[in-house]
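Asks: A single structure is presented below for examination.
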2 protein chains.
Amino acid sequence: MSAHPTAQQPTPQAEGQVPDDAADRVQPGRRVRLAVDRPMRLDSGIEIGGFQIAYQTYGTLNADRSNAIMVCHALTGDHFVAETHPVTGKPGWWEMLVGPGKPVDTDRYFVICSNVLGGCLGSSGPKDTDPATGLPYGLSFPVVTIGDMVRAQKLLVEHLGIDKLFCVIGGSMGGMQVLQWAVAYPESVFAAVPIATAARHSAQNIAFHEVGRQAIMADPEWRGGSYLLEGTRPEAGLAVARMAAHITYLSEAALHRKFGRNLQDRKAITYGFDADFQVESYLRYQGAAFVERFDANSYLYITRAMDYFDLAADAGGSLANAFRPGGKTTPVRFCLASFSSDWLFPTSESRAIVHALNAVAANVSFVEIGTDKGHDAFLLDEPEFHQVIHGFLEGCAEHRGLSVRRRAR
Amino acid sequence: MSAHPTAQQPTPQAEGQVPDDAADRVQPGRRVRLAVDRPMRLDSGIEIGGFQIAYQTYGTLNADRSNAIMVCHALTGDHFVAETHPVTGKPGWWEMLVGPGKPVDTDRYFVICSNVLGGCLGSSGPKDTDPATGLPYGLSFPVVTIGDMVRAQKLLVEHLGIDKLFCVIGGSMGGMQVLQWAVAYPESVFAAVPIATAARHSAQNIAFHEVGRQAIMADPEWRGGSYLLEGTRPEAGLAVARMAAHITYLSEAALHRKFGRNLQDRKAITYGFDADFQVESYLRYQGAAFVERFDANSYLYITRAMDYFDLAADAGGSLANAFRPGGKTTPVRFCLASFSSDWLFPTSESRAIVHALNAVAANVSFVEIGTDKGHDAFLLDEPEFHQVIHGFLEGCAEHRGLSVRRRAR
């Protein structure tokens with residue numbers, strides 16, 4: 001299951017485990033049904049029970065179950081954090097950061113990552129079959145929030161027998177989940193690392209998401225969300241959505257460095273509408289590759305969850321209040337990181353969170369990493385960023401009393 | 001024809017004038033057929049003749065024909081610069097800047113603006129009928145460049161009996177045309193005002209254009225460009241293209257100021273995919289309004305022309321060389337303006353032009369206007385910007401020996 005020689009600890013609790021059936025082979029990895037006995041109430045008020053969460057773990061949970069790190073993935077990510085992806089064959093999306101000897105050291109920590117509720121990579125979402133009708137949910141799947149995603153993760157963590165996470169870490173939408181964990185379950189989180197994220201989705205970001213959703217919904221193959229039922233695929237619309245979003249993940253400087261105005265194989269412009277420029281060909285490839293692995297309705301649901309995210313609104317309009325549950329400063333230790341060329345989640349967004357944490361005298365460190373790689377930098381080779389994560393976790397481990405325990409290699 | 005009480009001077013030459021037929025009533029305004037006797041060679045090598053250019057003029061051409069200002073419009077602009085638009089009923093797109101007593105003072109200058117070649121608002125473009133086949137051109141219309149647009153404008157200016165323009169002015173794609181005028185016809189331009197523009201389209205801007213084009217081409221109603229022939233309209237794709245582009249015209253700060261996370265009429269989020277946020281509703285409106293007035297194929301053609309624009313490439317790789325025709329410094333006086341929150345054509349792009357002009361010791365002034373309104377600032381109420389234009393034109397008028405001639409009001 002893992003590309004790394006990490007020991008896989010058996011799940012502490014076995015009830016609710018889904019057998020490795022054919023569906024599992026299509027979407028490999030671990031999975032569990034949660035809220036089977038008692039349904040989970042979503043922010044919308046709708047109750048759902050027996051939903052499936054796909055997850056992976058890396059490393060070994062220690063005897064007092066105090067070394068678990070929850071990794072939260074971004075919009076189109078999944079739970080294959082630190083191993084070759086079983087479907088795409090590509091390296092795990094955060095192998096730079098997570099693995100044996102890496103900043104999030106799986107020789108030392110027990111790492112958990114689950115596909116978000118509403119996703120399409122193993123966890124329950126709009127592409128699944130509604131047991132009530134025997135048909136794909138489509139838009140009848142309930143709209144979920146970042147709060148609901150984290151609620152499901154909390155059930156997973158409890159299912160794994162863990163009362164308190166050593167750390168929750170993630171970038172972009174993953175960072176929103178980190179913030180939500182810290183605010184919703186401050187006693188269940190020792191340390192939190194929200195990266196390249198914001199406490200609320202900005203107007204510009206909502207606007208970009210809306211363009212993507214409109215591109216999907218404009219595709220006649222979308223069929224009002226019922227494309228699975230009707231045997232169509234809104235690939236063109238989803239590809240356009242991905243292309244638009246992809247631009248926002250990079251910086252102008254990175255695009256210039258990577259592509260500039262370089263032409264494709266042809267030496268000269270063609271005076272036509274083929275992909276003359278490399279950047280056009282690259283974008284088209286990104287769009288085409290994405291539709292192979294992602295469900296269009298899930299894209300609608302997850303972007304919507306991000307748009308709805310607003311920690312301050314949920315705390316009576318004050319972000320600082322969100323970090324002072326019951327009038328007491330949050331016990332969670334925070335480390336925030338932003339990237340200088342990230343214009344999707346600019347440093348000012350992280351700073352607003354830091355200011356709110358400072359206002360309640362919380363334990364917080366913050367660094368802006370200088371890079372020209374844009375928002376995607378959190379997924380890339382950024383040594384200073386990796387050092388920051390390593391150092392923060394080392395310090396927290398000491399505070400938490402986690403012994404240095406390296407397995408023989 | 002004009003909302004302002006400006007005297008309309010009859011066109012000096014009448015040949016090639018198109019009679020005011022039914023088609024003219026659909027697309028009101030002046031129009032002329034150019035290159036009737038001798039075809040015009042496009043950058044692609046294709047020759048076209050007898051194409052139509054729609055234009056408007058404001059103010060009066062003086063006796064020595066030395067007070068003409070060519071206004072160049074942006075991607076989706078038109079020639080109705082300074083009068084109520086006859087189709088939309090909205091004010092002219094640059095009434096802030098152009099009109100009696102305005103910085104571009106139609107009491108003093110003779111202002112010309114033409115719809116670009118390849119456009120859809122009166123000038124020949126892909127939506128017109130190919131006389132050879134009797135069918136709409138669609139993608140068989142030749143691909144045009146900024147150079148070709150300016151070439152056509154030069155023919156129009158000659159048709160109007162003007163040897164040398166007092167000034168060429170425009171923002172965004174209009175600024176590209178201004179630069180092209182100065183480089184291609186340095187002896188025919190006294191002063192040039194390129195605003196919020198660049199000497200070459202950046203990788204990021206090409207990427208955004210490509211998203212828009214892919215959105216249009218992904219619409220099955222586009223029919224490979226033959227939608228006019230087939231009686232369909234790729235409205236959904238064009239609307240998505242416009243929505244994506246529209247975000248780039250504003251700044252994050254402007255979007256935040258205008259909309260923030262404000263909800264629509266509803267007081268609470270709906271947990272659905274309707275436009276909950278005002279910014280979503282605004283974008284949808286922008287998309288829907290745009291398809292009423294713009295042709296999808298023209299959008300492909302004009303974005304392509306911008307992508308292809310690269311002044312330095314045409315001058316052997318050196319932008320400075322572009323401003324040193326025949327080894328002699330350009331005689332054109334330049335005034336550049338950029339806007340601090342414009343991330344589509346950031347100040348660095350203007351600065352690169354200024355550096356090239358400085359390198360050849362050209363006459364250039366440059367100002368970055370501080371504003372949070374983004375790229376669209378060049379169309380908006382920006383008093384400092386308007387003062388800069390006014391002052392520069394005053395100075396140039398003095399150098400040019402234009403007498404102050406105010407008509408009785």
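The backbone N, Cα and C atoms fix where each Cβ goes, glycine too.
According to TrEMBL, the protein has these features:
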- A:Ser172: active site, nucleophile (ACT_SITE)
- A:Asp342: active site (ACT_SITE)
- A:His375: active site (ACT_SITE)
- A:Arg242, A:Asp376: substrate binding site (BINDING)
- A:1-14: compositional bias 'Polar residues' (COMPBIAS)
- A:68-379: domain 'AB hydrolase-1' (DOMAIN)
- A:1-27: region 'Disordered' (REGION)
Asks: Could you tell me which of these recorded positions, A:Asp342, A:Asp376, has the greatest number of Cβ atoms within 10 Å of its own Cβ?
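Replies: Comparing the recorded positions A:Asp342, A:Asp376, the most crowded Cβ belongs to A:Asp342.
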Asks: Give me the CA-CA distance between the residue listed as 'active site, nucleophile' and A:His375 (active site), in Å, as a whole number.
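Replies: Pair distance, Cα basis, whole Å: 8 Å.
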Asks: Where the distance is taken from Cα to Cα, which of the recorded positions A:Arg242, A:His375, A:Asp376 turns out closest to A:Asp342 (active site)?
Replies: A:His375
Asks: Relative to the Cβ of A:His375 (active site), which residues of the same chain, six or more apart in sequence, are found under 8 Å away?
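Replies: Once residues fewer than 6 apart are set aside, A:His375 (active site) is near A:Ser172, A:Ala196, A:Thr248, A:Tyr249, A:Leu250, A:Ser251, A:Phe339, A:Asp342, A:Trp343, A:Leu344, A:Phe345.
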Asks: Which Cβ among the recorded positions (A:Ser172, A:Arg242) has the fewest C-beta neighbours inside 10 Å?
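Replies: It is A:Arg242 that, of the recorded positions A:Ser172, A:Arg242, has the fewest other Cβ atoms within 10 Å.
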Asks: Averaged over the whole of the domain 'AB hydrolase-1' (A:68-379), what is the pLDDT?
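Replies: Its mean pLDDT is 96.
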